[in-house]
Amino acid sequence: MESGELQPRPGPSVGAKPADGRGGWRAAHFLLAVVFLERVGFVGVEGNLIMYLTGPLGMSTAAAAASVNAWAGTVLVRPLVGALAADSRLGRYGAVLTAGVLYLVSLGILTVSSTLHPRRPHGESSASPAGLAFFYIALYLIALAQGFHRPCAQALGADQFAPSGNDPGAQASRSSYFNWYHFALAWGYAVAAVTLSYVEDNVGWTVGFGASWATMVLCLSVFLIGAPTYRAEQRVDGTPFADAARAWAARVFRRRNATGTERLLAPQPEDGKGLVAKLLPIWLTSLVFAAAISQLNTMFTKQGSTMDRRISGLVVPPAALQCIVSFTFIVMVPVYDRGLVPLARRFTGHHAGITTLQRIGAGMAMSGAAMVAAALVEARRLRVARDAGLVDRPDVMVPMSLWWVIPQYVLIGLAGVLGKIGLEEFFYDEVPDTLRSVGVALSLSALGAGSYVSGLLVSAIDWGTKRSGKSWFSDNLNQAHLDYFFWLLAALVAMEVAVFLHFANRYVYRNKAGSDP
């Protein structure tokens with residue numbers, strides 16, 4: 001063997017610990033706790049943002065939805081910045097540490113800025129220019145912090161297990177980690193949706209944002225306490241793309257035969273341009289799926305805000321309805337990982353039961369079903385509002401129980417369990433080892449781009465329908481037509497699924513373990 005030939009880095013098998021005792025599930029448990037706490041702090045801002053914009057900041061529904069979609073898109077595209085920094089200079093540990101510091105700074109600024117926006121009647125802005133400046137600086141610093149944290153914490157957790165390869169056991173362990181990663185995320189979402197959104201709506205925004213800041217202090221502390229258990233990263237020398245290129249070259253152009261001699265091979269589609277060409281169709285055909293599930297933080301929240309949210313004498317905050325999605329994750333991730341995967345494995349022989357692309361396709365279909373459910377519920381809500389004489393009374397609760405919206409939230413949760421986790425695992429597995437953070441970031445960027453698509457759709461439809469009559473997104477939702485918007489998204493998802501299946505059926509996985517047996 002030539003001295004310059006690249007060789008795979010040896011690593012422990014699944015369930016085994018490295019020689020120095022680092023890595024494995026012990027380290028992963030610390031990182032899962034970090035993920036949980038980070039989500040609590042982050043969702044304390046994200047989950048109720050549209051209510052803050054239409055409340056203290058006095059924005060219209062359409063403008064607030066567009067702003068939330070633009071910010072949410074930035075949140076999910078920024079991971080490309082954090083991932084590139086991690087895989088080139090900082091390392092994944094350093095990137096997560098940087099995210100912790102950024103979170104403390106940004107949430108501190110946001111908490112202070114909220115004291116400049118007292119409550120005012122709907123539609124009347126209380127924001128001063130200085131207050132708005134502080135608010136948007138804080139908001140987009142939070143997006144930057146998320147960009148460092150999300151892909152790098154997830155990739156660092158997956159790195160605690162055996163290196164990539166064709167070992168089905170190693171693939172199964174890592175696949176299981178992706179499921180439990182989202183289990184921790186779901187608990188974070190649920191806790192934030194139930195507690196922090198209630199505090200923000202009933203105690204005050206400053207107290208709620210301050211609680212998010214305090215949670216991030218705890219998050220950073222747990223991350224540092226767990227540091228001695230983390231598997232050491234490969235040295236980052238600032239040239240990950242060169243390293244990846246050399247790895248591709250070694251794999252693509254040379255292959256050792258049975259006699260131990262090497263022979264030159266023709267270029268294969270896994271060179272740099274070929275890999276991009278393979279991944280791009282999957283990325284593009286995920287955008288409508290992402291646009292559909294992004295309604296959770298915008299139109300679903302506004303829809304629920306008009307309904308009867310009283311349960312046992314308590315009024316449920318609109319953003320707290322998002323905890324239904326979290327509880328769907330909490331229930332279905334263990335069922336999927338411990339029940340459905342072993343069952344499917346018996347029939348398919350695949351380490352994860354089904355391939356990642358099959359999982360993504362199923363998630364897309366679920367998102368379409370969620371849009372259909374939302375459209376039907378909204379059509380009924382409008383009828384109830386008309387029958388109750390509330391068409392011109394948007395501040396009066398529509399006599400329709402919030403229980404009606406539970407199916408659409410559950411379906412969005414199932415779409416996430418299948419589609420979002422599938423996308424993250426797919427892109428993580430399909431990039432070179434030195435670019436794992438970038439792989440996770442690619443999946444998140446698809447979700448972010450989908451939020452931009454949703455924002456553009458909302459803005460275009462609002463402009464077009466205003467010119468022809470009443471906007472679909474009127475501030476008075478009893479005169480709006482969110483049901484038409486949900487039907488449009490359902491139709492777009494159906495077309496996307498058809499195109500996705502075309503590309504998925506022709507896709508060749510990078511590792512044999514990722515494909516059908």
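Every residue gets a Cβ built from N, Cα and C, even glycine.
What TrEMBL says about a protein is an automatic prediction, not a curated fact.
Here the structure is a predicted model, which means the values were calculated and not measured.
Copied over from TrEMBL:
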REGION    1-20  region 'Disordered'
TRANSMEM  57-81  transmembrane segment
TRANSMEM  93-114  transmembrane segment
TRANSMEM  126-145  transmembrane segment
TRANSMEM  180-199  transmembrane segment
TRANSMEM  205-225  transmembrane segment
TRANSMEM  314-336  transmembrane segment
TRANSMEM  357-377  transmembrane segment
TRANSMEM  397-419  transmembrane segment
TRANSMEM  440-464  transmembrane segment
TRANSMEM  484-504  transmembrane segment
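The transmembrane segment (357-377) is not in contact with the transmembrane segment (205-225), judged by fewer than 3 CB-CB distances under 8 Å for residue pairs 6 or more apart in sequence. Count of Cβ pairs under 8 Å against the transmembrane segment (440-464): among 57-81, 93-114, 314-336, 484-504, the largest is for 57-81. Contact check: the transmembrane segment (57-81) against the transmembrane segment (397-419) gives fewer than three Cβ pairs closer than 8 Å, residues 6 or more apart, which falls short of the contact criterion. Sequence-distant contacts of the transmembrane segment (205-225) (same chain, at least 6 residues past either end, Cβ-Cβ under 8 Å): 30-31, 33-34, 37-38, 40-42, 44-45, 48, 52, 56, 96-97, 100-101, 103-104, 107-108, 110-111, 114-115, 117, 192, 195-197, 199.
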